Amino acid sequence: QSIPHFSTTLNAGSSARKRRSLYLRWGKGSNKIIACVGEGATSVPYQSAEKNDSLYSSTLVKREFPPGFWKDDLIDSLTSSHKVAASDEKRIETLISEIKNMFRCMGYGETNPSAYDTAWVARIPALDGSDNPHFPETVEWILQNQLKDGSWGEGFYFLAYDRILATLACIITLTLWRTGETQVHKGIEFFRTQAGKMEDEADSHRPSGFEIVFPAMLKEAKILGLDLPYDLPFLKQIIEKREAKLKRIPTDVLYALPTTLLYSLEGLQEIVDWQKIMKLQSKDGSFLSSPASTAAVFMRTGNKKCLDFLNFVLKKFGNHVPCHYPLDLFERLWAVDTVERLGIDRHFKEEIKEALDYVYSHWDERGIGWARENPVPDIDDTAMGLRILRLHGYNVSSDVLKTFRDENGEFFCFLGQTQRGVTDMLNVNRCSHVSFPGETIMEEAKLCTERYLRNALENVDAFDKWAFKKNIRGEVEYALKYPWHKSMPRLEARSYIENYGPDDVWLGKTVYMMPYISNEKYLELAKLDFNKVQSIHQTELQDLRRWWKSSGFTDLNFTRERVTEIYFSPASFIFEPEFSKCREVYTKTSNFTVILDDLYDAHGSLDDLKLFTESVKRWDLSLVDQMPQQMKICFVGFYNTFNEIAKEGRESQGRDVLGYIQNVWKVQLEAYTKEAEWSEAKYVPSFNEYIENASVSIALGTVVLISALFTGEVLTDEVLSKIDRGSRFLQLMGLTGRLVNDTKTYQAERGQGEVASAIQCYMKDHPKISEEEALKHVYTVMENSLEELNREFVNNKIPDIYRRLVFETARIMQLFYMQGDGLTLSHDMEIKEHVKNCLFQPVA
């Protein structure tokens, strides 16, 4: 006996609200119904439906989803053995206090001595005409700070170029003052035995201006009769490079505008017109913040402002000088970036604001350098400043990057030069992702730097241009794999904790350190704080798993159990302990969007779905008797959970919020129902019609609007109006979430009979285009929408936590759908590793 074909639905394992046809027929000679999907068929036991039960229930059709990867026994076994002890809590408080003090002490920049620059300052003769140094304390510093091997420089970090340069400067100075014979002899011996090592060292290890100043000093040493190996072929090559470089420098350029040549004037003394060069002097009296260059100019001109600058620096450091000073903008920007990337910035909000206010007060539309009065901007500081200032709401234009682009569209560190390094290109790349609509310069910067950085990954030498970092390769790999819209705060913190080097150094004219940027205190706090937060998250996750089981959802055999993966979402971005309730509500609401997604996708008949929707609208538990058993479990769990949430919401908001929650869900279920009706009718909507509904059915708005009640702030009507479904901010969140979902799931779903996706709807509107062209269009719409989302995030004048809720929810979708359906297939994808690193694996 045959029965009419029934049409129901089966979800392919994605969270998209789409359907495929499943035809049911009797199996010949069997009491089973055969579910025929394409060429295949599976048998499931048939059970007579009771009154009001649905032939579409899971007793007829059981969808197969991959099981949840994170088992109960694993979650239950979490005892938070790494919980922060009382002593560690005290240590956290101490570290926070010490780092706050570091921020408060930021003045012109903390850095280490430069033996090279100190040697140049020590050359200055007494102003009274006597045969003595004007700064005898600097000569004494040189005498007292020779290293055991006979060299001068940073003892813990050896670069042949750096040590040879500093040693040559010191032995010349001591020779000029006819002192330190023993030190000079040891220095010469070091030079003779170690100079050859420069030949084996990468060119990228060469200090700034080395090929200018080193040959000039070598010539001076020869005149002084110092016994050095002048005939070494490598030394001759350096001299030849200097001559070639000087020939390429037009004389008019040297005096026309400030360039990095001002940093190395001590090596250009035979060609500089000292009267002309004075017009390029910085306001603070220096020449590009370089004590060595400024000392050379003073000895040639006697300029009082030069001397004032040197006195200013020595007043700060006592008996030595650094390789450049001040470093105030550089220090503040990198310190802010450090605490943000390590995930500890919430402890230093006031300090961060003060630092950024300072930087912004010295912002220039041509760009900035490492110091506020530095006349030569660089792309490194400028890009870092543009990104951080923009994300903190300061009004800065991306046009500032045009200063550093040449006629070929390439970006370089300094105007008019061809130098660039991995660290500065990495900062430009990070900056380029924080773009607004229409900012073509940001897109150009992104393409240029991505190309450069990918090439750099294949070239070991490329990683040592401006900074020697613990794992710059790891930083580059992370940035390329997880750009801004795919990088969550906890994941970035975890990665940077592993890559951050508390002993990192930079390379200017010499090797130098920045203790307020590279500091063990930052790392220690980041580790303690990460593990503390993780232990809180583990307890919350255990509670949520118990909620899932006590609600009877383990009996639902048509849906996905993804409590852990879903909890990972809020834990990855609103991770702070004070947002515990927000994470709980976010997770519970998200779980219901998955359950109801699966229910409306495949399990319920259209009549049953309308009954469920009506029950929610009326908030009427009595209608549950008319529902199939599986739907009863859904509604009772839904009803009880959101009544409890509404009760807690009333306490946090000071007013009844049940009606608000009901209205949020009413809109959500209407969107689900519309898609069910489209599927039933095999209707493919237009692209715009599809997007209007699908941006709601993706359910991100529902999750955010309900979770927002539990951020610790009272939601005024004004704030609600700025994040409700009519706001562009929320619409963009839903739109980008929907589009990234579709781009990764449409092919599989189409093969299962799906009729509508953004790609298919666009192809319906444009019958002549190919699928590839339609997909490209969808990606373009998504990328443009993400740029608009950036602008909304930066410019939206609502409390920070609400901005984060909306923006980070959009970003987590980009992460989940990087490779495919990261929710349904999380056990096969990197999401599994992200969950483990965020929730289970403490940092060591």
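Cβ atoms here come from the backbone N, Cα and C positions, even for glycine.
Here Swiss-Prot flags 1-46 as transit peptide, drawing on sequence analysis.
The substrate binding site annotation in Swiss-Prot covers Lys245, Lys465, and the record cites similarity to another entry as its basis. Lys245 (substrate binding site) falls within a helical segment according to DSSP.
Per Swiss-Prot, Mg(2+) 4 binding site is recorded for Asp378, Asp380, and the stated evidence type is similarity to another entry. Its own atom aside, the Cβ of Asp378 (Mg(2+) 4 binding site) has 24 Cβ atoms within 10 angstroms in the protein chains shown.
The motif 'DXDD motif' annotation in Swiss-Prot covers 378-381. For the motif 'DXDD motif' (378-381), the model gives a mean pLDDT of 97.
Of all Cβ atoms in the protein chains displayed, 27 besides its own lie within 10 Å of the Cβ of Asp601 (Mg(2+) 2 binding site). Sequence annotations record features per position, and here Swiss-Prot assigns Mg(2+) 2 binding site to Asp597, Asp601.
Asp597 (Mg(2+) 2 binding site) is surrounded by 24 other CB atoms, counting those within 10 A of its CB over all protein chains shown. Asp597 (Mg(2+) 2 binding site) carries a helical DSSP state (H, G or I). Sequence annotations record features per position, and here Swiss-Prot assigns Mg(2+) 1 binding site to Asp597, Asp601.
Taken from Swiss-Prot, the feature motif 'DDXXD motif' covers 597-601.
For Glu749 (Mg(2+) 3 binding site), the number of other Cβ atoms no farther than 10 Å from its own Cβ, over all displayed protein chains, is 23. Per Swiss-Prot, Mg(2+) 3 binding site is recorded for Asn741, Thr745, Glu749.
Least crowded of the binding-site residues (Asn741, Thr745), judged by neighbouring Cβ atoms within 10 Å of its own Cβ: Thr745. Most buried of the binding-site residues Lys245, Asp380, judged by other Cβ atoms within 10 Å, is Asp380. Long-range contacts of the motif 'DXDD motif' (378-381) within the same chain: residues 329-330, 333, 367-370, 401, 403-404, 411-414, 420, 423-424, 427-428, 466, each at least 6 residues beyond the stretch ends and with a Cβ under 8 Å from a Cβ of the stretch. Asp380 (Mg(2+) 4 binding site) falls within a helix when secondary structure is assigned with DSSP.
Taking only the Cα positions, the spacing between Thr745 (Mg(2+) 3 binding site) and Asp601 (Mg(2+) 2 binding site) is 15 angstrom. Under the DSSP three-state reduction, Thr745 (Mg(2+) 3 binding site) is assigned to helix.
Counting in whole angstrom, Asp378 (Mg(2+) 4 binding site) lies 50 from Glu749 (Mg(2+) 3 binding site) by their C-alpha atoms.
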